[in-house]
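Below: one structure, written as structure tokens.
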Amino acid sequence: MDSHNSAPPQIAEVRMDISSSTSVAAGNKVCRGAACDFSDSSNSSKDARERMASMRKLIIAVILCIIFMAVEVVGGIKANSLAILTDAAHLLSDVAAFAISLFSLWAAGWEATPQQSYGFFRIEILGALVSIQLIWLLAGILVYEAIVRLINESGEVQGSLMFAVSAFGLFVNIIMAVLLGHDHGHGHGHGHGHGHSHDHDHGGSDHDHHHHEDQEHGHVHHHEDGHGNSITVNLHHHPGTGHHHHDAEEPLLKSDAGCDSTQSGAKDAKKARRNINVHSAYLHVLGDSIQSIGVMIGGAIIWYKPEWKIIDLICTLIFSVIVLFTTIKMLRNILEVLMESTPREIDATSLENGLRDMDGVVAVHELHIWAITVGKVLLACHVTITQDADADQMLDKVIGYIKSEYNISHVTIQIERE
């Protein structure tokens, strides 16, 4: 609980059970409206707004793709241009990929279940993976068709129509790139620190699990919001075991005002983040734009010299390879999430050293940092403190450091005595 916050705890329900045979006391306090970003995603207004904004962009992109695809199919047939037809096929894969992304965003809002305690956020990762595989499959088909046409001479190509259709395609792709790329991937530092949802974190719901061990050897679960309001408390006392364990799970419920002003500075340092499905769609559009430019250049050359129709096939080969390379980074990010690697924007060594440099901290071990999906990072570790250190104060310092410096939304800390 913050020292500057004098607001009394607000407790909606208290249950206490005492067993004389086991000398164990258990109590539960549940805060009104407490919701976990991972366990109950449908109650997270921040994630809901993120999904809705992303879905609107993808729906507009699908409509534009369908319109332009129809234009390219007609224009490609009339111009006898494989490059235009393959671009139309690429747009078809875009439509399918966007549809997968839309489904992924919708499914990510499903309420968590006992089996899926973190919700369905990772469906977004799987949807983006399928989307990328569609690009690779189509690129392989296009390369094969281009090679066949190189071996077997194709008919005449109308360079003027090829140029006009690809120019129109470039215009449509620019519109979609602006739409999908302007996803507020930059961090904002609002002084009030309340949660915004433009695909960048502003301190929405944070979750902490705290574990203390001291000489009394009890077991405590404590939930507390950002204003000092108790969320959940379970107290178990085990005499004779010589072990005190404090476990706290703490969603920090931010209101629209009155949040800790010291957190606003940390918001300025947050890494850029955008929804992975919107970013995947952006890569699709980027590949289409590059291909449209190539087709425009090829069309202009063929328009000027019709006998150089082989350029149509060369464009198909070159830009199919470029499209493949545009997906490498996204695929790497997807695999890192699925492999539960430490996110690249977080320096685990620096974080660990920062904890060890704190007064009262003896050692840090069992440090694990991973992500459920892009932008939703989790951390768990054991922190050993000196005998004379106050466990609660040390816990607050550790949690505050991790949140302010690294913006990790779900933290589990176990405090141990040396």
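Think of each number as a place in line: the chain as shown, counted from 1.
In case you wondered, yes, glycine gets a Cβ from its N, Cα and C as well.
Per Swiss-Prot, the feature compositional bias 'Basic and acidic residues' maps to 196-227.
The compositional bias 'Basic residues' annotation in Swiss-Prot covers 235-245.
Annotation source Swiss-Prot lists region 'Required for zinc-binding' at 182-246, citing similarity to another entry.
Marked as region 'Disordered' by Swiss-Prot: 186-248.
Mean per-residue pLDDT, taken over the topological domain 'Cytoplasmic' (1-56), amounts to 46. Per Swiss-Prot, topological domain 'Cytoplasmic' is recorded for 1-56 (among others), and the stated evidence type is sequence analysis.
With helix defined as DSSP H, G or I and strand as E or B, the topological domain 'Vacuolar' (78-89) counts 10 helix, 0 strand, 2 coil. The topological domain 'Vacuolar' feature in Swiss-Prot is assigned to 78-89 (among others); the stated evidence is sequence analysis.
For 111-122 (among others), the entry in Swiss-Prot reads topological domain 'Cytoplasmic'. Across the topological domain 'Cytoplasmic' (111-122), DSSP helix (H, G, I), strand (E, B) and coil residues number 0 helix, 0 strand, 12 coil.
Here Swiss-Prot flags 144-160 (among others) as topological domain 'Vacuolar', drawing on sequence analysis.
Taken from Swiss-Prot, the feature topological domain 'Cytoplasmic' covers 182-282 (among others), and the record attributes it to sequence analysis.
Here Swiss-Prot flags 304-307 (among others) as topological domain 'Vacuolar'.
The feature topological domain 'Cytoplasmic' is assigned by Swiss-Prot to 329-418 (among others).
Sequence annotations record features per position, and here Swiss-Prot assigns transmembrane segment to 57-77 (among others) based on sequence analysis. Sequence-distant contacts of the transmembrane segment (57-77) (same chain, six or more residues past either end, CB-CB distance under 8 Å): 84-85, 87-88, 91-92, 94-95, 98-99, 101-102, 105, 161-162, 164-165, 168-169, 172, 175-176, 179-180, 183, 277-278, 281, 285.
Residues or ranges marked as transmembrane segment by Swiss-Prot: 90-110 (among others). Outside the transmembrane segment (90-110) by six or more residues, the chain places 41-42, 47-48, 51, 54-55, 58-59, 61-62, 65-66, 68-69, 72, 119-121, 123-124, 126-128, 130-131, 134-135, 137-138, 142, 275, 277-278, 280-281, 284-285, 287-288, 291, 323, 373 with a CB less than 8 A from a CB of the stretch.
What Swiss-Prot lists as transmembrane segment is 123-143 (among others). Remote same-chain partners of the transmembrane segment (123-143), defined as residues 6 or more beyond its termini with a Cβ less than 8 Å from a stretch Cβ, comprise 86, 89-90, 93, 96-97, 100-101, 103-105, 107-108, 275-277, 279-281, 283-284, 287, 316-317, 320-321, 323-324, 327, 330-331, 334, 337-338, 373-374.
The list of residues near the transmembrane segment (161-181) in space but at least 6 beyond its ends in sequence, with Cβ under 8 angstroms from a Cβ of it, reads 57-58, 60-61, 64-65, 67-68, 71-72, 75-76, 78-79, 81, 83-84, 87, 278-279, 281-282, 285-286, 288-289, 292-293, 295-296, 298-300, 302-303, 312. Look at Swiss-Prot and you will find 161-181 (among others) tagged as transmembrane segment, backed by sequence analysis.
According to Swiss-Prot, the feature transmembrane segment maps to 283-303 (among others), an assignment based on sequence analysis. When Cβ-Cβ distances below 8 Å are used as the criterion, the transmembrane segment (283-303) is approached by residues 61, 81, 83-84, 87, 90-91, 93-94, 97-98, 131-132, 135, 157-167, 169-170, 173-174, 176-177, 180, 309, 311-312, 314-315, 318-319, 322-323, 326-327, 330 of the same chain, each at least six residues removed from its ends.
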Report, as numbers and ranges, which residues of the same chain sit near the transmembrane segment (308-328): CB under 8 Å and 6 or more residues beyond its ends. 81-83, 86, 90, 132, 135-136, 139, 142-143, 145-147, 149-150, 154, 156-157, 162, 283, 286-287, 290-291, 294-295, 297-298, 301-302
How about long-range neighbours of the topological domain 'Vacuolar' (304-307): same chain, 6 or more residues beyond its ends, C-beta under 8 Å? 156-157, 159
By a Cβ-Cβ criterion of under 8 Å, what residues six or more beyond either terminus of the topological domain 'Vacuolar' (144-160) are in contact with it? 78-82, 86, 298-304, 306, 309-310, 312-314, 316-317, 320
